[in-house]
Amino acid sequence: MSSYYPRTKDLTRTRKSVTDSPPSSPSYTDKNYRHERLSRYDSTGESTTDKPLGRTSSYTRRETRLAALNKQEQDSTAKDYKKMYTEALQENEKLKSRLQDSKQELVKIRSQLEKVAQRQDRMSERSTVLETEKREKKALEKRVTDMEDEIKVLTELKSDNQRLKDENGALIRVISKLSK
């Protein structure tokens with residue numbers, strides 16, 4: 001009830017300021033009239049005779065409701081901040097894990113790229129080696145054919161040499177028979 005009276009004073013002051021009446025102390029009858037009028041209606045504008053509970057209990061309920069709403073708002077804002085913070089942390093953790101996964105994938109891709117580059121280097125080395133081997137093979141084949149040709153010539157020369165030796169021996173025998 002003590003919080004009720006300052007409220008009525010505020011209402012009377014605002015009414016007086018609205019009606020532009022000079023400030024004066026209200027008379028006893030004015031106070032009773034105002035009190036009856038205010039006590040007939042609660043803060044929602046409904047008559048107290050329509051409700052089973054009196055003015056004091058409806059005021060207390062209203063104050064309790066307002067306090068509960070304020071507490072809920074404070075709790076909800078605090079919970080909202082906590083919830084937002086936890087959601088932000090969770091999102092941050094998800095992003096960190098995705099970043100870590102991306103880094104690992106990047107490392108894998110780089111290693112694969114290096115392997116491919118090494119294979120290409122090997123292939124290019126192999127191709128140069130193959131080209132070199134082909135050149136060497138051609139050179140060796142040419143050399144072999146040249147050597148085969150030389151061998152043929154040498155065998156011909158040997159056969160000619162043997163023939164000449166045989167002829168020389170025959171001539172020596174003929175000369176030795178003639179000289180006897």
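Using N, Cα and C of the backbone, Cβ positions are placed for all residues, glycine too.
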Worksheet item: Which stretch does TrEMBL mark as region 'Disordered', out of 90-115, 116-141?
Response: 116-141
Worksheet, complete the sentence: DSSP puts the residues of the domain 'cGMP-dependent protein kinase interacting' (80-180) at 99 helix, 0 strand, 2 coil
